[in-house]
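These notes are about the structure you will find just below.
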Amino acid sequence: MTASPDPAQRIDALRRRIEDANYRYHVLDEPQMADADYDKLMRELEALERAHPELASADSPTQRVGHLAASRFAEVRHAMPMLSLGNAFSDEEVTEFVRRISERLEVRQPLFSAEPKLDGLAISLRYENGEFVQGATRGDGATGEDVSANLRTVKAIPLRLRGEGWPRVLEVRGEVYMPRAAFEAYNAQMRAQGGKILANPRNGAAGSLRQLDARITAQRPLSFFAYGVGEVSEGALPQAHSAILAQLRAWGFPVSALVEVVQGSDGLLAYYQRIGEARDGLAFDIDGVVYKLDDLAGQREMGFVSRAPRWAIAHKFPAQEQSTTVEAIEIQIGRTGAATPVARLKPVHVAGVIVTNATLHNADQIARLDVRVGDTVIVRRAGDVIPEVAAVVADQRPPGTQAWQMPTQCPVCGSEIVREEGQAVWRCSGELTCPAQRKEAFRHFVSRRAMDVDGLGEKFIEVLVDSGLVKGVADLYLLSVDQLLQLRLISTADSPHAFLREAREHLASGAYAQLEASVVGIGVDLAGERDVPQTWQADLLRAGLPSFDWNRKKIATKWAENLIEAIEISRDTTLERFLFALGIEHVGESTAKALSAWFGDLELIRHLPWPLFKRVPDIGGEVARSLGHFFDQAGNQKAIDHLLARKVRIGDTHPPSPKLRGELSLANLLEDLEIPKVTPIRAAQIATAFGSIDALRNGGPEPLVEAGVPQSVAESLAAWLLVPANDTLAVNAQRKLSELLAMLPEAGEEKTGPLDGQTVVITGTLAALTRDAAKQRLEALGAKVAGSVSKKTAFLVAGEEAGSKLDKAQSLGVEIWDEARLLAFLGDHGQQP
C-alpha cells in the first residue's frame with residue numbers, strides 16, 4: 001500500500017505548478033496548462049489548505065488572483081481589486097453554491113443576476129464627473145495596464161456619460177470582445193490584402209488592446225459589454241445588481257440583452273441550459289455563464305474569500321474537443337532547465353484555431369495517459385483557449401507503438417536529464433553550458449521587467465549565443481556596433497555567396513580577402529553554388545570570424561547603434577531588477593522587490609545563508625533554498641562579478657530594513673534551519689536555554705535533555721549538527737545574523753524617506769529614464785506612485801506630451817515638477833538616474 005503524500009510537500013508542489021501556470025498565462029501569454037487541469041489543481045490546493053490551516057501562506061496562489069501585469073504599458077493600481085470568480089463545472093456545484101447563500105442569508109429562494117461569460121479581455125473604465133479619464137486591463141487583479149488610448153478607439157465605450165446623476169467617480173467593469181461576424185470580416189479583408197490574420201476573436205481582442213499604436217487598435221472591430229462597477233465615490237447606485245446594470249445602460253454603456261434575473265438553483269440551471277443551446281448562434285464567443293447574487297446587501301453579508309467573492313460564481317461550459325494524431329513527442333528546454341514534453345500533432349481545427357502542438361506537462365502526465373507516437377488523441381482547448389491532450393483513443397492505437405520514455409540526454413546540449421527527488425519536473429543538468437538554457441537566460445535577462453534592453457529580440461539572441469560572442473549575460477556589455485553588423489549580415493544571408501557579395505560592398509580589399517579565407521576555411525566551395533553545407537551560418541559563426549570595421553556609409557547601422565545604446569542604458573539599474581534578471585528559480589518580481597526592500601544590498605544578499613531569507617515575509621523554505629543554491633554556485637557568483645566588473649551599477653543600495661530587528665533571533669534561526677522535530681516552541685525553548693549555536697554544537701543530546709528538551713528532539717538536533725554541512729550552515733547563519741543585527745539602527749533611530757506618506761503621479765515621456773525607473777526611485781524614497789491625480793497628490797511629474805493628468809493637476813492646484821527638478825531631487829537623495 002502506497003503511503004499518502006506528505007500534505008506540506010503536496011501543497012508546495014501544487015503552489016509551484018499553479019504559480020508557473022499563472023506566469024505563463026498572464027505574463028508570457030504562452031499558456032501551457034489546460035484550464036481544466038488548472039482548476040483541478042487549484043481546488044485540490046484549496047481543499048488541502050482548509051484541512052491544514054497551519055500550512056497556510058500569504059504567497060499561496062489561493063491568496064491571489066493571478067500574476068503580474070504585462071510590461072509594455074504604465075501600471076495602474078486598481079482602487080478596488082478586479083477579483084476572479086470561483087468556477088462550477090456541474091449542476092451539483094451550482095446547487096451547493098445556492099445552498100450556502102440561502103443558509104447564510106436565511107432566504108429560501110434568493111434572486112440572482114445571470115449573464116453570459118464573454119470570452120474577451122476584462123477591463124476597468126474610470127469616469128470622473130461623467131468623463132472617461134482612464135482605462136486599465138485586469139492584470140493580476142490588483143495592478144493592470146493603462147490602455148486608455150486604445151480604449152478610446154472602441155466605439156461602444158462612452159467617452160462621456162449620458163443623462164445625469166452619476167457619481168463623481170465611477171469605475172465600470174466589463175469585457176472588451178470582438179464579435180464573430182466582425183472577426184470573420186476583418187480576417188477576410190486581411191487575407192485579401194496579404195495582411196496578418198487573427199487567430200480567434202479572444203486573441204484578437206486582447207492583442208488589439210495591447211497595441212502600442214492606438215491607430216492599429218482603431219482598425220480592429222472591437223466592442224464592449226459592461227457587467228459591474230468598481231470604485232464609486234460621491235454618489236449612490238441602486239441596491240440590486242440588475243438595477244445597477246439598468247442604470248449603466250441608461251448612462252450609455254452597452255449591457256448584454258441576455259442578462260436575466262432568476263430565482264434559486266432551478267432558475268440558474270435553466271438559464272445555463274438555455275444559453276448553452278443558443279451558444280453557437282450568439283454574435284460573440286462565451287465560455288460559460290456567471291451567476292451573481294442580485295441583492296447588494298446580501299453581497300456584503302456574504303463577503304469574499306481572498307481571491308473571489310462568495311456571492312458570485314462562473315458556471316463553465318465543457319471544453320471543445322477534436323481528435324488527431326500524435327506525430328512526435330519532443331522535449332523543450334526552459335530557462336531553468338525544465339524539460340517539458342510537447343506533442344507535435346497532425347494539424348486539427350479546434351474551437352476556431354488550428355492546433356499543431358499541445359503540452360504534455362511532464363513525464364508523469366504522459367505515463368498516466370500512456371501517450372505514444374502514432375496514437376489518436378483527444379485534443380481539448382480547455383476554456384476554449386489552451387490546447388491540451390485530454391485522452392488517448394486506445395482502440396485506435398496502431399500496432400508496434402512503444403511507450404514513451406523521457407530521454408536521458410538533453411536534445412540541445414547532450415547533458416544528462418535528471419529528476420530531483422519528489423519533483424515532477426525533469427531538468428537538463430547542463431545549466432548555462434546548454435545553449436537552450438543560455439538563450440532562455442538571455443531572453444529573461446534583457447526583458448522589460450529585468451534589465452530592459454530594448455531592441456534585442458529572440459531571433460538575434462539565438463544568433464548571439466550561436467556565434468559564441470556571448471557566453472554569459474555579462475558579455476552583452478562587451479559587444480560593439482561592428483560585431484552586431486557582422487552578425488546581422490551572416491544571419492540574414494541566404495548563402496555564403498550572398499554574404500560575401502554583401503560584405504565586398506562594405507570592406508576594404510585586404511579585409512575582404514581575410515574574410516573570404518575564413519569562409520573557405522569551413523569547407524565552402526566558392527567556385528559555384530554547389531557543396532554549400534546547410535549549417536554554413538552556424539559553422540561560420542562558431543569559426544570565430546575576425547571583427548572588421550564596416551563602412552557605415554554604405555550599410556544600415558542605426559539599429560545596431562540603438563541596441564548598443566540600450567545596452568549601455570541598462571547598466572544603471574535597481575537591486576530589484578538586477579535580482580529578477582538573474583533568473584533565480586522561484587524568484588519572481590515580487591520576491592526580488594521584497595529582498596531589495598528588506599536587505600537593500602547585493603553584497604549582503606549574495607553571501608547570506610539561505611535560512612535568513614525566510615525572515616522576509618512571503619519567502620518560504622523552497623524559495624529560500626533556491627536562493628541559497630543559486631548563490632552557492634561558483635559560476636553564478638562569477639557571473640555577478642563579471643556584470644559588476646563591466647560597470648553594471650545598482651543605484652538604490654540602502655541599509656537593511658529596521659524591521660529585521662524583530663525577526664532576527666536564535667529561536668527563529670533554529671526554526672528556519674528546518675531541523676527535524678525542532679518546532680517553533682522547541683526552538684524558543686532551546687534558544688532560551690543555550691543562547692548560541694556554539695553552545696549546542698558539541699554537547700550531544702544530554703545537555704538538551706537536562707534543559708527539559710524531549711529526548712527525541714534532543715537526539716534529532718544533535719544528530720543534525722553532526723553532519724558537517726549542517727554544522728557549517730548553522731555557524732555561518734548565526735554569524736551573519738549577528739552581523740545583520742549590528743548593521744541595524746537602534747530603536748528610535750530608523751530613518752524615513754523624504755517622500756514618506758506622499759502620493760506622486762508621473763505623466764508624459766521622460767528623457768533621462770523610463771517611467772518605471774522613475775517610479776522605483778520615488779518609491780525607494782518613500783513615495784506612493786499612483787495612476788491618477790487627486791487632491792491628495794503631493795506633486796505631479798510632467799514629462800513631454802503630458803496630457804489630461806497635467807490639466808487636472810493644474811485645476812486642483814497640485815504642485816508640478818518638470819523632469820529637471822525630478823532628476824535634481826533624485827540626485828540630492830542618492831537616487832541617481
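Quick reminder: no glycine exception, Cβ is built from N, Cα and C everywhere.
Since this is a predicted model, take the numbers as computed values, not measurements.
Database features (Swiss-Prot):
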- ASP35, ALA36, ASP37, TYR38, ASP39, SER84, LEU85, GLU115, ARG138, GLU175, LYS292, LYS316: NAD(+) binding site (BINDING)
- LYS117: active site, N6-AMP-lysine intermediate (ACT_SITE)
- CYS410, CYS413, CYS428, CYS434: Zn(2+) binding site (BINDING)
- 750-833: domain 'BRCT' (DOMAIN)
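A helical conformation is recorded for ASP39 (NAD(+) binding site) in the three-state DSSP classification.
The two recorded residues, CYS413 (Zn(2+) binding site) and LEU85 (NAD(+) binding site), have Cα atoms 43 Å apart. Once Cβ contacts within 10 Å are tallied over all protein chains shown, the binding-site residues CYS410, CYS413 are led by CYS410.
Here CYS428 (Zn(2+) binding site) comes close to ILE333, GLY337, ALA339, CYS410, VAL412, CYS413, SER415, GLU416, ILE417, CYS434, ALA436, GLN437: these same-chain residues lie at least six apart in sequence, with C-beta atoms under 8 angstroms from its C-beta.
LEU85 (NAD(+) binding site) and LYS117 (active site, N6-AMP-lysine intermediate) have their C-alpha atoms 11 Å apart, to the nearest angstrom. Helix first, then strand, then coil: DSSP counts for the domain 'BRCT' (750-833) stand at 29 helix, 19 strand, 36 coil.
In the three-state DSSP classification, CYS428 (Zn(2+) binding site) falls within a strand. Of the recorded positions LYS117, ARG138, LYS292, ARG138 has the largest number of other Cβ atoms within 10 Å of its own Cβ. Within the model, the domain 'BRCT' (750-833) shows a mean pLDDT value of 84, rounded to a whole number.
Across the structure, ASP39 (NAD(+) binding site) and the residue listed as 'active site, N6-AMP-lysine intermediate' are spaced 17 Å apart at their Cα atoms. Using a 10 Å radius centred on the Cβ of CYS434 (Zn(2+) binding site) and all shown protein chains, the other Cβ atoms total 20.
Within 10 Å of the C-beta of ASP39 (NAD(+) binding site) there are 18 other C-beta atoms, taking all protein chains into account.
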